[in-house]
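Remarks on the structure that follows.
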Amino acid sequence: MKLLTNIGTLLALSPVQQVSATPHTGEHYNLVKLEGYGSVSGTTVNSTLTKKDLPTTVDAWMGIDYALQPTGHRRFKAAEWPKPFKGVKRADSYGKTCIQEIASKTPLESQSEACLNFNVFRTKGVPLSKKLPVLVWIHGGAFFSGSWASFDGAAFAASSKEPIVVVNFHYRVNSLGFLPSKLFKDEGLSNLGIRDQRLLFEFVQKHIGAFGGDKNAVTIGGRSAGGHSVGIHYFHNYGKDNKALFAQAIHQSGSVTSRAFPNDTYPLYKTQYDEYTAYLGCDNKKTNKATLKCLREADIDSIRNISTKIFYDYNDVLTWPFQPVQGGPLFEKPGSQSGYDGTFYHVPTITSNVNDEGKFYTPGNLETDSEFLDYLHNISPALTKKDLSELSALYPDPAKYDNSPFANSPNSTQYNRISAAWSDYAYICPGQETAYRASTAGVPTWKVRFNTNNSFPAWQGIPHTADTSYTWNGESTQYPEISHIYHGYLSSFVTAGNPNSHRYPGSPEWPAYHGDDESPLQIVVQPGDTKVEKDEIRKEACLWWRDPERAPRLNK
């Protein structure tokens with residue numbers, strides 16, 4: 001039985017749906033003038049992405065460009081501010097998604113390189129003159145895929161107890177947004193997708209007031225790759241781009257130290273880049289100018305095809321291509337070092353993890369201690385023999401020790417063990433590191449362990465993405481009350497700066513996290529028993545993964 005869930009499966013978890021927008025005839029509905037840019041008219045939305053009725057109708061403006069589109073000679077260039085336009089543009093339907101794997105949420109006809117657009121959802125009936133708190137959500141998808149359909153902004157806004165503005169948007173993904181290479185390093189073209197995100201933040205600061213949003217009350221949030229993105233921005237309070245563009249942050253299954261983010265010259269990235277350029281017929285031994293010209297003129301279907309092929313060639317061993325790189329723009333310093341130096345934005349934050357993150361990804365065919373260690377060593381080649389020996393002890397081998405907490409796997413001997421170790425490496429301990437650094441610097445911080453299934457098979461536990469639909473109070477989740485509770489905490493954080501102020505009735509008070517306590521408190525969200533608990537999951541292992549001496553070997 002193959003237990004690895006690929007990104008295509010993730011994208012297919014719910015079918016793509018067009019927004020149910022109410023047509024407005026006659027005068028333009030909710031006409032908004034964006035100073036120095038142009039005017040757009042809005043619409044209303046009354047249903048979720050899965051065609052269920054929203055609790056209340058929301059105002060919406062959709063498919064608005066926030067940049068000059070990266071097409072033609074602008075492919076593989078940093079995004080630029082859009083040019084002004086005359087007249088009124090109708091903003092009543094979603095814009096194109098960025099080029100990526102063809103899947104149910106991102107069919108071919110929905111895709112375009114001209115994809116840098118955003119959507120705004122706002123509580124209906126509140127005058128635009130009243131400036132409301134704003135949530136800007138960054139979609140996930142391993143930096144390989146994702147779109148507006150990854151986060152139901154209308155549902156999040158409609159379910160908020162207090163008036164709110166929600167923004168979601170597209171940024172370039174896979175090779176068009178992230179192509180680690182010496183060429184891109186030399187030409188200053190690394191981390192284009194992260195730079196797209198920052199341009200959107202700047203656009204929000206300039207124009208969100210026209211949509212009735214408060215630019216001084218912006219929360220950025222994201223899950224998975226979106227959460228890693230939040231971490232990259234949160235831990236970048238240094239250099240020339242250190243102006244605060246947000247007031248709060250939600251790191252959902254993500255962190256600046258999640259997984260690993262090597263630099264442009266990482267040997268595996270060179271191998272992947274060589275495969276990429278060879279497929280496209282671009283000789284990377286020519287001058288930078290010649291190679292870039294070839295890449296910019298390459299057929300877009302060929303770019304989609306080779307990006308998808310290379311991603312899945314490395315998916316089983318979790319050494320993904322097309323990632324943000326340390327040393328590149330907005331990520332000049334390793335995330336761990338920025339934490340040690342305190343060069344992050346000291347603004348309130350939430351960090352979250354689901355209980356069994358790694359079971360969404362890890363393989364079900366490892367049987368021996370050697371295979372367990374080889375798998376981790378392949379992901380982090382700089383680990384020493386001593387490191388590997390310590391890992392073997394930290395995660396007792398169920399084939400050797402009957403009392404190992406990782407015994408009784410549902411399939412291969414090592415499945416529970418490798419899932420726990422990779423969860424700690426990629427998500428759980430990095431989330432703890434973020435909470436520790438923020439809270440010990442005096443920043444209001446809250447941490448959550450999400451322990452609620454959403455129809456995954458029992459052998460997968462509570463895997464990565466289990467919390468997705470609960471975030472926006474999804475109407476068809478396995479445990480609807482958890483949707484109310486979880487969304488209540490998050491929307492309260494956005495609107496009041498504290499997850500408790502407008503939490504769902506009957507849900508417990510969520511205490512702030514204090515990383516310098518021996519056992520800091522967090523909340524566990526689970527059916528029938530959401531409660532406060534101590535943050536003690538695999539405590540010794542997390543200290544190992546978070547060790548500053550080891551961080552460079554882990555590319556954290």
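Cβ atoms here come from the backbone N, Cα and C positions, even for glycine.
For ASN46 (N-linked glycosylation site), other Cβ atoms within 10 Å of its Cβ number 17. DSSP assigns ASN46 (N-linked glycosylation site) to a strand in the three-state reduction. What Swiss-Prot records for ASN46 (among others) is N-linked glycosylation site.
Residues or ranges marked as N-linked glycosylation site by Swiss-Prot: ASN263 (among others). Note: ASN263 (N-linked glycosylation site) has non-local neighbours PRO180, LYS185, VAL325, GLN326, GLY327, GLY328, i.e. same-chain residues 6+ apart with C-beta under 8 A of its own C-beta.
The feature N-linked glycosylation site is assigned by Swiss-Prot to ASN305 (among others), with sequence analysis given as support. The Cβ neighbour count for ASN305 (N-linked glycosylation site), using a 10 Å radius over every protein chain in view, is 15.
Note on ASN411 (N-linked glycosylation site): other Cβ atoms within 10 Å of its Cβ, all shown chains, come to 15. What Swiss-Prot records for ASN411 (among others) is N-linked glycosylation site, and it gives sequence analysis as the kind of evidence.
Per Swiss-Prot, the feature N-linked glycosylation site maps to ASN453 (among others); the stated evidence is sequence analysis. Mapped onto three states, the DSSP output places ASN453 (N-linked glycosylation site) in coil.
Look at Swiss-Prot and you will find 1-21 tagged as signal peptide, backed by sequence analysis.
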Proximal but sequence-remote residues of the same chain as ASN453 (N-linked glycosylation site) (Cβ under 8 Å, at least 6 apart): GLY461, ILE462, ALA466, GLN478, TYR479
ASN305 (N-linked glycosylation site) versus ASN411 (N-linked glycosylation site) - Cα distance in angstrom: 33
